[in-house]
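Annotation comment: TrEMBL describes B:A15, B:G16, B:L17, B:G18, B:T19, B:V20, B:G21, B:T22 as NADP(+) binding site. Here TrEMBL flags B:K112 as NADPH binding site. If you look up TrEMBL, you'll see B:E197 marked as L-homoserine binding site. As annotated by TrEMBL, active site, proton donor applies to B:K212.
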Number of protein chains: 2
Amino acid sequence: MSEPLRPAPLRLGIAGLGTVGTGVLKILRKEAAMLSARTGREITVSAVSARNRGKDRGISLDSYAWEDDPVALATRDDVDVFVELMGGSDGPAKAATEAALKAGKDVVTANKAMLAIHGQALAELAEDAGRVIRFEAAVAGGIPVVKSLTEGLAGNRIQRVIGVMNGTCNYILTRMQSAGLPYDIVFQEAADLGYLEADPQLDVGGIDAGHKLALLASVAFGTRVSFDAMELEGIGRITIDDIRAAEDMGYRIKLLGVSQMTGRGLEQRMAPCLVPATSPLGQLEGGTNMVVLEGDAVGQIVLRGAGAGEGPTASAVLGDLCDIARGFRLPVFGQPAASLEDAVPATSTTPAPYYVRLTLQDKPGALAKIATVLGEAGVSIHRMRQYDHTGGRAPVLIVTHKTQRKLLDEALVAMTGTGVVEGDPVALRIETV
Amino acid sequence: MSEPLRPAPLRLGIAGLGTVGTGVLKILRKEAAMLSARTGREITVSAVSARNRGKDRGISLDSYAWEDDPVALATRDDVDVFVELMGGSDGPAKAATEAALKAGKDVVTANKAMLAIHGQALAELAEDAGRVIRFEAAVAGGIPVVKSLTEGLAGNRIQRVIGVMNGTCNYILTRMQSAGLPYDIVFQEAADLGYLEADPQLDVGGIDAGHKLALLASVAFGTRVSFDAMELEGIGRITIDDIRAAEDMGYRIKLLGVSQMTGRGLEQRMAPCLVPATSPLGQLEGGTNMVVLEGDAVGQIVLRGAGAGEGPTASAVLGDLCDIARGFRLPVFGQPAASLEDAVPATSTTPAPYYVRLTLQDKPGALAKIATVLGEAGVSIHRMRQYDHTGGRAPVLIVTHKTQRKLLDEALVAMTGTGVVEGDPVALRIETV
């Protein structure tokens, strides 16, 4: 019997040699034999591209061809898979991805912004060309959550996806809580540690995490990515008072993404929420990510791991590359782009309990006025705490029973009209997982 | 342009129509359109087989051919995939699986015992025939852990796999702890609730969980399944005193599987261990499973979900079926069976802290004798508590610093030789995750 023909190597072109790109190169070099044993095929690198050719990355690039232009890299004859690790929703990343697909290359990317905004168009382009785009590294770092949704749980109707998916925000919130420091100080610490994106709003504004959630919603619900329809609120308005008050009531504040298919349409929100302090989400510290998947057959699956960094993100890129080397091919968002439905944004939000913090003036009957206003709006109070007056002002915490956000918003407007409330009340959703 | 040819349906033969088999049939019927949209191919059932044709399963079997003999089912011309949900390491399950592979059928199974014992031979048979065996449902119910290891983390050298993978044992241990009931009572409760296998030793003896760990070790480390080499200890010797004492020291007792590749060989052990009460493993209640995967690039990934039951197990079977429908094919244990290495059992166990509980006679200098014996064996004490004497006997709890199990065992033998210890001391490993 003759030996079976060994398939030709899978040849990569890698654009972007920052932390992740360098990490991918290191694994490809160190573990070539292991990867080949696992996939039945060699994975080689033909060419690379980056902004700065001369930068010391701790590894030699001598054995790879160099391209200054990522589009030229993406379309080289000796490249089978274009590995896009440059980032940015448009510009060179998008141009090179499109060029790669048109030239018949598969694409592996860590670029959540590009896919959250142009995902549908790119998926259609890929499928027209008979190519795949894989993006495990774009969501929750090393956690195989895209794979779990599109493959492992393919027999389920997914009901809800919940996640803490921005390590920087989680670092800031847990550090505020553990060190008792105000937001501005911890924000500056995070900046000094290099944890923040060049545009910090991508992190603290919830945009980066929102991009990730938009991608998960698409694969979970079979809908076109619709980042524009997401309710988005950052952590910039969270004060140390809120952190302490939440702790006092048995909660932690997390930048939480929730996407849920309801009879009223698709809910997608990325916003600070309270979760029980003792719950797995409440216990999540620092840069770790957690994603909770709920399916009709499987029930609740919880996945936890590092959400960023060289190793975890490179691990996700390698997972996608191994799948391609093995010949696994599936549509970009798990089912053909043409069959993805338009996501109708939910007309209202699923009712939930809310946390409300306000400052009351020291006037007789002030608390009664607040309680009355809530009652009249149809919002019932589960727990209420009034603290000592300091300088004629008393902090008040309220946890409501489940209510419509709309009713609560009406109550908040009415509250400020009572003349007994200082400034604007803060209201945060309490998510029970 | 003409429409692309739609591939022929993937035709199943399902043997075993208990909870899981019935659950699989229900999903296939209810979600045919969804599955076809996701995989690009219809998944149909040609024929079924079970011990009792007449049993009321809440669904009609009229549209499927019936076979009394699973081997006949497995080799039918109109079957592409044999779905083996009968169980049992040998007998009909193995005969039908072998027959299916030889007849050129792929196999999806939930049968951990069969694969833990005959996995290597079956993998070789499958690969010779160019067929696959998929077994996500055999390990940790609905958690996509085999997929995560073989695919998502394919770029990693896996360093350690840890898991709580028998829901019945976890139910018994958490119920003992929360209700303060002795083992025998809770064991009987579990039996009355139908939680125990026909042979309860499969559960409480750690065998079922050991089978699962053996399969994970193979895919994690690229070694031949070697269930025989596993250190196996059940929960039958855990007393309510141990549960309480562990709690008192800040720990919970779990039936914990640990597999680790070391310089001294492959460690595989399934045994009751102490874990910190506040850790994710410590917090795990009832029938939920948790698997911790540690890779050199990805760091630590934690997966949690229901470990058994109709929905979760059917979800795992469906995931495997969708992969096959999509044309994903990989060797049974993630790399070709011929390339799997013989697992050399570790010559010694990785050092760890241990918990020791013993009963001391009320004699002067008794505690000093114990401390001396430990010191002479080279085991140093991290914490020690002696409780009130009751009837001339005092319970003593010791938490050691990290030590070799061998040294501790020598100390335990020496302890019983001191004449101040009643009965046998209990020693349990403390696993820090």
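Note: Cβ is positioned from N, Cα and C throughout, glycine not excepted.
Keep in mind it's a predicted model, so treat the numbers as computed, not measured.
Structural mapping of features recorded in TrEMBL.
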residue: B:A15; record: NADP(+) binding site; DSSP (3 states): strand
residue: B:V20; record: NADP(+) binding site; DSSP (3 states): helix
residue: B:K112; record: NADPH binding site; DSSP (3 states): helix
residue: B:E197; record: L-homoserine binding site; DSSP (3 states): coil
residue: B:K212; record: active site, proton donor; DSSP (3 states): helix
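Note on the binding-site residues B:G16, B:G18: the fewest other CB atoms within 10 A surround the CB of B:G18. Neighbours of the NADP(+) site: apart from B:A15, B:G16, B:L17, B:G18, B:T19, B:V20, B:G21, B:T22, residues of the same chain with C-beta atoms within 8 angstroms of the site's C-beta centroid are B:I14, B:G23, B:V24, B:A50, B:L85, B:M86. Look at the Cβ of each of the binding-site residues B:A15, B:L17, B:V20 and count the other Cβ atoms within 10 Å; the largest number goes with B:A15. Among the binding-site residues B:T19, B:V20, B:G21, B:T22, not one has its Cα within 10 Å of the Cα of the residue listed as 'NADPH binding site'. Non-local contacts of B:E197 (L-homoserine binding site) by the CB criterion (under 8 A, 6+ apart in sequence, same chain) comprise B:T168, B:D203, B:D208. Listed binding-site residues: B:T19, B:T22; maximum Cβ neighbour count within 10 Å falls on B:T22. Annotated pair B:T19 (NADP(+) binding site) and the residue listed as 'active site, proton donor', C-alpha to C-alpha distance, rounded: 20 Å.
Sequence-distant contacts (6 or more apart, same chain, Cβ under 8 Å) of B:K212 (active site, proton donor) comprise B:K112, B:A116, B:A138, B:V139, B:A140, B:G163, B:M165, B:N166, B:G257. For the binding-site residues B:G21, B:K112, the greatest number of Cβ atoms within 10 Å around a candidate Cβ is found at B:K112.
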